[in-house]
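Structure in structure tokens, see below.
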Amino acid sequence: MRYCFLISNTSSKACPLVISLVLILNGVFISAAQVNLLNKVHIVHLGAKKHDTPELVTKSHYQILEPILGSKEAAQKSIVYNYRHGFSGFAAKLTASQAKNLSAHPEVLCVIPSRTLRSKTTRTFDYLGLLPSSPKGLLHDTRLGSEAIIGIIDSGIWPEAESFKDTGLGPIPQRWKGKCVSGDGFDATKHCNKKLIGAEFYVDSLAAETDGRYDFHADNEYRSARDGVGHGTHVSAIAAGSFVANASYKGLGGGAARGVGPHARIAMYKTCWGKLGCLTPDVLKAIDHSIRDGVDVISISIGADAPAGFEIDTSDVSFGSFHAVMKGIPVVCSAGNEGPNAQTVDNIAPWIITVAATSMDRSFPVPITLGNNITILGEGLNTFPEVGFTDLLLQAELMETSIAQGQIKGKIVLAFTPNNEAIQKADRVLNAGCAGIIYAQSVVDPTVCSGLDVPCAVVDYEFGTDMLYYIETTDVPLAKLSTSKTLVGRPVASRVARFSCRGPNSVSPAILKPDIAAPGVNILSAVPDGYKFMSGTSMSTPIVSGIVGIIRQTRPDWSPAAIRSALVTTAWRTDPSGEPIFSEGATRKLADPFDYGGGLINPEKVTDPGLVYDLGLDDYIHYLCSADYSDNEISQLIGKLNQCPSPRPSMLDFNMPSITIPSLTGEVTVTRTVTNVGAAGSVYKPVVEPPFGIELEVNPKTLVFDSNTTKNTFSVRVRSNHKVNGDFYFGSLCWTDGAHNVTIPVSIRTKILRNYV
């Protein structure tokens, strides 16, 4: 039970902001708990202080509590703590009825039961339920991933980082065939260990492209596997970083840092160089070596801009990935950071696991206090010292001469940025020496604050307009920008990040991409100079890579396609607490398969999906034939002669863990085959949630798996009731045996008139 009552003279919009601020300043966020025991400690929030001296604040607490408990002595005995410096409130032992009565007091904001708090990690894996302390589960069963080898193709690694110490690790897996190569600032005998077991770098293509004139020093680079950028270090620590106590970024997000598999091994293949980027020949060579070396998974947090490349272009990541997958090595790639527009998703080959990015239940709000004592919580990572009350100016009213003459120095500027002209003006404001800037955006994008050398916060148009009204109705508008606070748990909602690239697949619209989503917003991980937050599908990708690498230790007989199927069919369609996942974009909407594929990765369910939608070489040939690749191209790719059947097969029947029909006219029947990876004797029945205006008929109505039957094929008749060209509508198909819910997304678009945009 949670008691939370609003002050009667407080607006419904302002009150939650004040409540949130009180919770943040206390250093924790207290969620709901059942109150059914006598004398349980409760926290009583009173809001801002009404007295200047701590003694008077404390006295006011007793004045509130004494009438409830009946005496001063009872109140003194009840109170545990007085909060009296930054804000007003107290903790006290109360019965449920006393707490309820106290919550009705006009000066009380909220009365919330206390709960036990554990020390926080960098949060990502606690959010996903992947806990090293669990007596059972994925990490327990694999000894924290100790046999998993994660191959990472990126910008290198900073070997001295605490996350790459090998304390407590056993011998390197005997199957490892890779090597560590010395180079500029990297001594293989010193810097490689039982955690970092492989480190190579690839410069031949770099040298060729630059005629040997690439200036490593000028680009802050090293001619070795050492990371000059920080990206590869960050990614590596997410996938397989060791336990590191008390990690934080300037006090934010503090806790024990760790990767997905704290005892998993890292093999770094450096192919990305400073501002130049990652050359695909070098990337392909790295993929080639990783296959040779015996990695369990290849993690690639790189990609190209839209439009996406075709799958078997010999200069593309997809080509090398196909061969890795055929050798049984899953390849996990980022969906890209050019969202939120449709058809921007990258790394779309159907043998690649493509990863989108979400936020999680942690944020770093920036308190913005106006001169009228109303506090608004903006977004952003503001680690600068607090900017005390100073003039608040509106960018739109600033003359260019005022900016040029430095008249905004020491002042905070509110900048609405609906177009490029306003964005450019905001840049000029920053260069002119403002004390801080508050961006007001139609779609909040906190990354605009990244790299700024002044305090920064981002608000939406609603709160920006509130601030605008304050400016226009106040003689001397003032504002204060405070340092970000760490907020964990409710009411922070999970969202598909604005930058995360979206489907549908622009090359093969019948192949759903992305496949899966994982947290990728404000992920704290190692960099050369400590720990830092980064955001991107680059950060969500190694989460999936680490989980895939560990899965291979418990399910060594599963193909990459079976692993991808398990990821998709067991994924959360809500956040772990059951709340809906929204999608950031031009407008807020509920997330759909083009935003997050099957959903948010659910690591503790992946090893027991019940059924999988598997794929082998013949299936991929089916796909390539349906995609109109020539017999010669396919033969070259697979290394043996191939002749596609005539007529060519339908891509709609490719055995993906999804059904995507981009151009439905009338009706069509698609087929899928599922393989039982659970107990023999299982019986499954379908549960259908059809897309709006679409009829789905599944046959047969029951799938029976006995000791002699591990595979079953079913068909789905899909019929549209729409009379016009429409957009995609979404649903799902679930096979359930009562213990497993094997769910795949269904995406259907009616096209009465084909080839019409």
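Using N, Cα and C of the backbone, Cβ positions are placed for all residues, glycine too.
Note: TrEMBL annotation is automatic and uncurated.
Take a look at what TrEMBL says about it:
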type	residues	note
ACT_SITE	D154	active site, charge relay system
ACT_SITE	H231	active site, charge relay system
ACT_SITE	S538	active site, charge relay system
DOMAIN	41-118	domain 'Inhibitor I9'
DOMAIN	145-575	domain 'Peptidase S8/S53'
DOMAIN	653-748	domain 'Subtilisin-like protease fibronectin type-III'
Take the domain 'Subtilisin-like protease fibronectin type-III' (653-748) and count its residues per DSSP category (helix H/G/I, strand E/B, coil), listing them in that order.
1 helix, 58 strand, 37 coil
Ranking the active-site residues D154, H231, S538 by other Cβ atoms within 10 Å, which is at the bottom?
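Comparing Cβ neighbour counts within 10 Å for the active-site residues D154, H231, S538 gives H231.
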For the C-alpha pair, I'd like the distance in angstrom between D154 (active site, charge relay system) and S538 (active site, charge relay system), rounded off.
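D154 (active site, charge relay system) and S538 (active site, charge relay system) have their Cα atoms 10 Å apart.
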Count up the helix, strand and coil residues in the domain 'Inhibitor I9' (41-118) according to DSSP, in that order.
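Going by DSSP assignments, the domain 'Inhibitor I9' (41-118) contains 31 helix, 23 strand, 24 coil.
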Can you tell me how far the Cα of H231 (active site, charge relay system) sits from the Cα of S538 (active site, charge relay system), in Å?
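That comes out at 8 Å between the alpha carbons.
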For the domain 'Peptidase S8/S53' (145-575), report the average pLDDT of the model, please.
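Per the prediction, mean pLDDT sits at 90 for the domain 'Peptidase S8/S53' (145-575).
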